[in-house]
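Q: Below you'll find the structure I mean.
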């Protein structure tokens, strides 16, 4: 056995595509002190200078404000780009439309209060609102997909009423409403490999997996009563509901589930929540596509999964509200003032390169009760201590020659973008996780599990031992009673009042600063009307896929900020 310090993996060896010549080519050779010159690297492969606004080619193209709505809410609660571009483009164009799929790139969906909004980013007109729809609900999340047979772009939205609405973006109709959750829906996301498979996270502590092409339940037999197993799903929804990731129990989430992300290539999903934990779940076989879905058989039951393949609360010191995948075994999670990238070390025990399904659906208890099977790669400081402030993720990819020719400056590395506000001007901070460097230290072994605090006001250094065994219901009671805004998408509460000051030079961000914001706000007449508890005008960030050409930030005042890549020639960037 070798020396532990020498054998311990370094972050650079764990990142997706590290050393992959198919992605980096000759540029990878110049990223260190060896051959190559740092000046020959693209901008996103150079570590930016401390606290500098230079070093990137993004320019702010548009800022719009809309002011208060009829319900009084003044913030967008979710934003997302149309994800099916490049190799993921749908196989045919919908009938009766005048555009092709290339023109649909840059399309954005966002929601606020009872309003669903679709807009588009274009070079000649950086921001155009295309259409909107009023839905009688308080919407928290929106997600894109497309109909597998008609290829119509579809939107799923959900929120306070625990309902999910499937909207046809061509006909502007609500195709169906999915019922089953027993409380607020906080996150919606589609499986990138299966456009008909939807995941929804809820404050009822369950994550539900849906087949949006499924059928209704059969008519009840004479004299029979509806199932009383609501909301756990005893065929109330027919075969639209495929599986339920069970809450509570020995291995489920013990509090509200805030986010989910399907694995990019395998039959698995990651979730996180207010119980400080992140979990990775196996999924059962998913329904295949059929032009005429089979009727729901009498007695149908969805699969209920009680045990994740991985679960830990060891390296998060606060509530989690975002999770995503950067690679097959590398993830990113967010707490109030940190974004953390880390590697799941147990990936190869459950998946191999040749199978979509997990190798096992029956993990040992050591994997779902405070697992230590991970390595923290980097902790990025987040300057806004707010909840439900979602980052934007750009995933790494290998461009086709035609893409390189059409847009030579496109970004092929992963990027993480999230909001900040210093000196009154809203910002988007960008990080390339491939630049994170090890500081040379070996992490101390973790010997203690973290306990759930009695209330959000407990400091991380003053946890009361008497609360270690606090019942889940009591935690929820305290949160709902004393901190009713905690589960609101606009909540700005943070347990961590101290900023996380990380001086690792490789973790410096690129700063996209909306320097004209004070003037825009003054001209709008909304300066005194914006809620004082909103720490930043930008609360949610989205990055356009396959190139990061556009970055959109939305938030307070119904504000929309749009940055474009290559606003100036690369050689004329601000010094």
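Numbering starts at 1 and runs along the chain as displayed.
A Cβ is built for glycine as well, from the same backbone N, Cα and C atoms used for every other residue.
All annotation found in TrEMBL is predicted automatically rather than curated by experts.
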Q: I'm validating the feature mapping. Which of 446-474, 475-503, 504-532, 533-561 is tagged region 'Disordered' in TrEMBL?
A: 446-474
Q: Write out how many residues of the repeat 'WD' (250-281) are helix, how many strand and how many coil, based on DSSP.
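A: DSSP classes over the repeat 'WD' (250-281) add up to 0 helix, 16 strand, 16 coil.
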Q: Looking at the repeat 'WD' (178-212) alone, can you tell me the average pLDDT?
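A: Value for the repeat 'WD' (178-212), mean pLDDT as a whole number: 94.
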